[in-house]
Amino acid sequence: MDFGQLKSKRRTLSSAFNVNPEIKKSVNLDGVNGFHSFYKMPPSGSITLQQFEYYALERLKVLKAIELNNVLKGKKFKEYCDEMRDEFRNLGWQFLCTDRLSKEDEEKDLVSHHILRLAYAKSEGKRQWFITQETELLKLRMMFSNSLLNRLLEVNQLSSNQVPAEEINELTDELRGCQTGFNMANAVYYKVDFEEVLQLVSSRKVYLSQGYAYLPASELQSFVLNKYKIHLKEQLAMACKLMPGLEEENRIMRQLKALSGGDLGTGYTTKAVGDKITCDMLDQLSLRSYPLCMQTLHNHIKVKHHAKHEGRMQYGLFLKGMGVSLEESLKYWRTQFCKGGIDTEKFDKTYAYNVRHNYGKEGKRADYSPFSCLKIISSSEPKGDECHGCPYKHSDELSLRHLLEKRKISAEATEEILGLKRQGHYQVACMSLFKATHPKEGLHGGLQHPNQYFEESQTILSGNSETSDSKMTADSSEKETAGKSNDNKENIQDIEDEFDDEM
Amino acid sequence: MAPAVEVSNSWDSSLMPELLPIYYKKLFPFTQYFKWLRYKESGPNYFKNREFSFTLKDDIYLRYRSYADQAEMEKDIRSKCPYKIDIGAVYTCSPKLRDMVRAGEFVAQYKELVFDIDMTDYDDVRSCCSGADICLSCWPLMTIAIKIIHRALTEDFGFKHLLWVYSGRRGVHCWVCDEKARKLSAAARAAVAEYLSLVKGGANMKKKVILKYNQLHVSIRKALEIISDYFDDYFVNRQDLLSTEEQFQTLKGLITDEQVLALIKELEDTDGFGETSKLRWACLKGIFCKRMSSEGSVCTSAPLHEMPHNMKEIMLQYTYPRLDVNVSKGVNHLLKSPFCIHPKTGRVCVPIDINHVDTFDPFKVPTLHDLTEQLAVWKGEGNLLDYKKTSLKPYIESFEKFLTTLSKHNTESDNIVMDTTA
């Protein structure tokens, strides 16, 4: 494919690659010493379709590796870095760990980034996934390279905002309160608009005065990452807007679509709704096959006959994911809420809409997917007497212990789970519960989704693993790619699979 | 124990259809309201592209209403007589014309940075009432919240134009109207809201505030100074929050400091804590003081905000503001407009003067019924503006004061811009 040609033929593609003409003027095409600062430049020149696909696939493997390791992260940071360094080397991307990039590496880096940017522009979920992994990649590259951070700071012209020593002196108490290990002697601070360091603002790790954040030199990295995130977000939003103009270029669109596959963040598609599961079966099912988060919600509703909005979303979509029909769902919620003193009329007026909305029958009629573990862990935490969320993350130890006691697992398993909770390995903790409550081995290839937990549990408990109708991407990929990929590591097999149906 | 009764001005919501037309015809401050939302300096489309939404009788909901000018807005509001008006975002085009532009071109661009604090979120730390009910025993929670949020927004974030509004029933709203606030991205709004959120966790998280040992962010330190002024009175006198064994256990469950736990045990084995909130709280404070002395600080009666960090955590869990962050996050999120009538209480959503927040009494806020009565019995001068004949007057004046600073500041900043370009 010829990028140059495409550019003249369809201006949209080039503008999708880089939508801001001003940036084009201000940044040197050669980038900063071999590293394209924030990939502001769109690539130009020609590559073959094979190369297009190859580059993109390769980078996707890198990003997938990052995602996988990030989820299981929790080792010492150094170990994590070492592991990632090995990982990149195995994938043939060792240049990510160096300062100097060859011409070829540089092209690979730049082109693959921009192709994926297009591929992942389509939906909010995909954009989020892409941004998360790319940001983590830049973070790792800054760890590996000694000079990268400084070069990026130069580009961002930060040195002019350094806080004078006298001012730091006066603010000693304030600054100390924001930072562990604050040391007057070598305190260097930069004054930046609070909007430039949102992460530090939300975690209260920075001193704020009159809208300015006092950014410690030690946080410069996070500053750069935040800027990068914002930059990507803008660029992806723009690319998304320009995508319709690309639709005619069929070959490319097909590939781009295939590249991003299903929503990688969820990795789960709702099963065809059947009438297999009725709401009077839920009590029984919840005892052994529900992950702890859903069991907690189920029991909460059973006792209180009510749940707040977030809880209704989390559990309601899970039920949908299990294959509970809309009618059964409505019946379940109505029965429960009516026991709690809400009459049928009020239920139909206030809550039924929500249930139908979840099934895509109201509003913009979107077919909402059940929440993945990642979403449950990272999105809005419960407050007050709410009990949605992930019990491994959102419960204190004592409450979690009580919850586990009801599952009647061994003391050993309980301690193991509590230990994992303490270290922040929430999904691994959940897998341990699965292991402790099921015969046979644990879950296939990690736990990403409550519905995956449920389905695998059902498969094992019914003793019928062959006819599993689980639709986890990870699962199906194992079956389908078995014959094809011989040199790929397990953790990236699913990437290949996502290509199969489309190309 | 404080009386758990809502001092309620009798209100019958079936009066709404009869009284609302009078309110919108004679009392609603359209001129000031328009002056506010027009944001003169922000260009002619600012008002035109603003979304309003109505809730009519029987929960009929009308979204995406918008107006060219004040007259058009007045006409629509008077003819529809909404039970509730919500203010939404300023969009890229006029919301009523949204079907005429391509999808993706109708986007929420600007909105005031808003905060919603709701008494329902405090149910686990008040003994007087629960849910939508409020009383004067729990209202100090709102006073504390307003003061803490106001200080942080003005001092830390540098915002100048904050409009505090009583929501009419069980909470308060804050509208930050500075130009910079109106332009904030959703991510920035979320970050500000997070910065102001400290109490975390639901039913399965008993200890909801965890501070780092030996490190206290200045915004929390200042919040504690504010809380200190209220805590004893609120906790002991108004709420009586340690009178039952269960309440006492709940509080002890928040203590993680081993030394303090040992001292508690010691006291329980000897003299005991006593039976009342007052005694128990005094004993606990004594124990925390002792704990401080053991660290080298001399302390007989330390001010509350200088207590050991475990004590700080406890005070924060009981009184630190609890925001509904989802309201703040979205640029397109709707929020009930000031000067609406709350259908359930009949009270007007009036501005709260930050300088007199301590004396603000939600039960003295005029109801729609009060106002129409006052109009009916008015015997004074004839050519007076109608609102001046009623108890709505001080609230509208306070709103006007807010508008004066808002426009003065904006003209000033205009001049500065002109100076530098000249």
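Keep in mind that glycine also has a Cβ here, set from the backbone N, Cα and C atoms.
Automatic prediction, not curation, is the source of TrEMBL annotations.
For the [4Fe-4S] cluster site that TrEMBL gives as A:C293, A:C373, A:C430, the extra residue drawn from A:C279, A:C387, A:C390 is A:C390.
The Cβ of A:C430 ([4Fe-4S] cluster binding site) lies under 8 Å from the Cβ of A:P291, A:L292, A:C373, A:C390, A:Y392, A:L447, A:Y453, each of which sits 6+ residues away along the same chain. Apart from A:C293, A:C373, A:C390, A:C430, the residues listed for [4Fe-4S] cluster, the same chain places the Cβ atoms of A:P291, A:L292, A:I376, A:I377, A:P391, A:Y392, A:K393, A:Y426, A:Q427, A:L447, A:P450 within 8 Å of the centroid of those Cβ atoms. Shown in sequence order, A:Q314, A:I376, A:H388, A:G389, A:C390, A:P391, A:P450 are the residues of the chain, 6+ apart in sequence, with a C-beta less than 8 angstroms from the C-beta of A:C293 ([4Fe-4S] cluster binding site). Neighbour density for A:C390 ([4Fe-4S] cluster binding site): within 10 A of its CB lie 28 other CB atoms from the protein chains shown.
DSSP assigns A:C390 ([4Fe-4S] cluster binding site) to coil, not to a helix or a strand. Counted within 10 Å of its Cβ, the other Cβ atoms near A:C373 ([4Fe-4S] cluster binding site) come to 26, all protein chains included.
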